[in-house]
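Remarks on the structure that follows.
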Amino acid sequence: MKPVIALVGRPNVGKSTLFNRLTKSRDAIVADFAGLTRDRHYGNGRQGKHEYIVIDTGGFEPDASSGIYREMARQTQQAVAEADVVVFVVDVRGGLSAQDHDIANYLRRLGKPCVLAGNKAEGMQDSMHLAEFYELGLGEVHPVSAAHGQGVRSLVDLALKPLALPEIEEEDAAAEKNVIRLAVAGRPNVGKSTLINTWLGEERLVAFDMPGTTRDAISVPFERNGQKFELIDTAGLRRKGKVFEAIEKFSVVKTLQAIESANVVLLLLDATQGVTDQDAHIAGYILESGRAVVIAVNKWDAVDDYGRQQLERSIETRLSFLKFAPLHFISAKKRQGIGPLWSSIIQAYKSANRKMPTPVLTRLLQEAVQFQSPKRSGMFRPKMRYAHQGGMNPPVIVIHGNSLEHVTDAYKRFLEARFRKEFDLVGTPLRIEMKTSSNPYTDKQNS
């Protein structure tokens, strides 16, 4: 599981600037769940081989008792509860304040790992302004400049150091055993717990023992018709004796971590509410993570024909970027349409791990170019020479040639469609990378 870092501090100390600095490698804000998370923004960051989730919070006043400030305090407390480590951001130029003392007292009581970041510290590394923050009793103050990126890398190293991050081999071990890691993702009250409880209650679904490989989250190993699965918790799974039961408990962090840990994600929508912004955010994160995906529309029995037509159009437009995903209409409560989900989940998993031989890929590429060559861009016409597979889960096809930086997105989609058809790739993203050969005459021409 990715570790979670929460950025905490009073208003206007530079938390959002630091958040954007930490997450810029993954397009800053990944999920801003309007209404649900209010002043908590969730993003992905990466440093070296380590990836992490960052939570950006609103200004924190632990003792706020009214209006928006109370809500901001509640949201920040929730972010701290979700986090593995807290980065307490203070304003070095603004100096120590009573609010800083209040926040420090709150964090000390929690006993959670905490790193003190002195922001806006450009040119002040040895300044007496830093010394006063030792009064907070949280150890050394680490000077950073979020705006200029100074000290940010070492700050992340300090934050991640006490977490004893798990090695990546855990995922590889599960893959070798042909265990499909499955996550059911969706916003609150779409029926995740109902669907999971229906699955866990099936006679054909037999639990088996497998050592837990994820930190903090609950996962349930089971077997169905000879295929082993590992259900990753996104719905508040709780053990009752020897039985697992799901309760509808939404956690953004748990959802993002489950998606990252899964081989296949079942995206659950609510037919009675259509495709919401939250649905689109979750769907976008699934695509960004490169996970195989199956879409299921729950409560299908609760809408009339007109509502169904409207919903289908909404899915086509708002989730057009997942058009490769199998689409199912179900009623978890009435157990309607649930059976066919399993074949789509297995098909998506197999597609994500499909091996594509280089000779076949190159032949398909040449046939595609012969049928429709890429358009010229000014003086340059892209020339494609050969293709090979660059990865699996998701599958990646690398195309080599000349002037490939001028290949249009429309032509890439044209190629994608032909590759998908040949290899029967259903339910998985397909990434196409263009690699232009270096021109040995360029330097001579420019000299």
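FYI, residue positions are counted from 1 along the chain as it appears here.
Every residue, even glycine, has its Cβ placed from backbone N, Cα and C.
What Swiss-Prot says about this one:
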DOMAIN    3-167  domain 'EngA-type G 1'
BINDING   9-16, 56-60, 119-122  GTP 1 binding site
DOMAIN    180-353  domain 'EngA-type G 2'
BINDING   186-193, 233-237, 298-301  GTP 2 binding site
DOMAIN    354-438  domain 'KH-like'
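Positions of Swiss-Prot features highlighted on the structure.
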residue	record	Cβ within 10 Å
Gly9	GTP 1 binding site	25
Asn12	GTP 1 binding site	10
Lys15	GTP 1 binding site	27
Thr57	GTP 1 binding site	28
Ala121	GTP 1 binding site	24
Gly186	GTP 2 binding site	26
Asn189	GTP 2 binding site	12
Lys192	GTP 2 binding site	27
Trp300	GTP 2 binding site	22
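Remark: secondary structure over the domain 'KH-like' (354-438) totals 32 helix, 24 strand, 29 coil, with classes taken from DSSP. Residue pair Asn189 (GTP 2 binding site) / Thr57 (GTP 1 binding site) shows a Cα separation of 25 Å.
Cα-Cα distance from Trp300 (GTP 2 binding site) to Thr57 (GTP 1 binding site): 37 Å (rounded to the nearest whole number). Separating the Cα atoms of Ala121 (GTP 1 binding site) and Lys192 (GTP 2 binding site) is a whole-number distance of 46 Å. If you take the Cα of Lys192 (GTP 2 binding site) and the Cα of Asn12 (GTP 1 binding site), they are about 38 angstrom apart, rounded to a whole number.
When the alpha carbons of Gly186 (GTP 2 binding site) and Lys15 (GTP 1 binding site) are compared, the span between them is 28 angstrom.
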